[in-house]
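The structure appears below as structure tokens.
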Amino acid sequence: MAERPVANALIRELEPVVDANLVRHIDTVDPWYAHDYVPFEQGQNFAFLGGQDWDPSQVSLPKVITDACEVLLVEKDSLAGYHRELVEHFILEDKWARWIGRWTAEEHLHAIALREYLIVTREIDPDENERVRMEHVQKGYRADRYSQVETLVFMAFYERACAEYCRNLADKLDEPVLKGLIGRIAADEERHEEFFANLVVHCLDYVHDETVAAIAARAAELKIVDADIDGYADRQPGIAEAGIFGPEQLRRVISDRISAWGLAAHPDMKAFVVS
């Protein structure tokens, strides 16, 4: 029989902060639903059900847009690994359980909505996308070497990076439905960033030196959003060149997040802060 994890001092210290932020997060939510962003009238059966299979001629969006959307989709498909790391580093009890569960459900909505849109509109090859999804999820995500504070710092950085990716992608879009969907995802990512960043703020008061070290460690190793999706590695240069997300945007994400924590002038942060 598996043993239930026991809350340590940091988990107990942060629980009131999790509670307060969860109340704020829920009270300020603007609900949205995947089905509202899928133009189902454009849909048709695939050959398995007597219709027509996907063909490249059916794609109407620019390649860099569909590339960026598929990268975002497969990134969302790796949700299970991030959920596991949050549970293993913290605890699936009480307020922590409600927050981790809420975050997981909101992130899963992004994958549901984006996949439905892209497949119904036939903007992507569903067979190839499934191959990459399967490969990437089986590859897995591990962050067991991170401390608890590093995990919170990473999530704040990661959510800010995803929000920036989505905002820049939305700016490149003319198709109004997809633009609205990506904008919704971006807004969720900004709310997630705020939650994790607020936990880090409390850590700066509670274990200041450890938290500063954690921020420096995660800033030094943070990668661009699609860095570990092997099946889409060839798409990274085009997405960066289009100004959606690349090394330049990553540096800005790190710098802005550090500045928002009030650490821009800290000696350990000089390498990460850009003007």
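Cβ atoms here come from the backbone N, Cα and C positions, even for glycine.
Sequence-distant contacts of GLU107 (Fe cation 1 binding site), defined by Cβ-Cβ distance under 8 angstroms and a gap of at least six in the same chain, are LYS76, LEU79, TYR82, ASP188, HIS192. Sequence annotations record features per position, and here TrEMBL assigns Fe cation 1 binding site to GLU107, HIS110, GLU189.
Annotated Fe cation 2 binding site per TrEMBL: GLU107, GLU159, GLU189, HIS192, in sequence order. GLU107 (Fe cation 1 binding site) falls within a helical segment according to DSSP.
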GLU189 (Fe cation 1 binding site) and GLU159 (Fe cation 2 binding site), distance between Cα atoms, whole Å: 5
Cβ atoms near GLU159 (Fe cation 2 binding site) (within 10 Å, other residues, all chains): 24
All-chain count of other Cβ atoms within 10 Å of HIS110 (Fe cation 1 binding site): 25
Cβ contacts of GLU189 (Fe cation 1 binding site) (under 8 Å, same chain, 6 or more positions away): GLU159, ARG160, CYS162, ALA163, CYS166
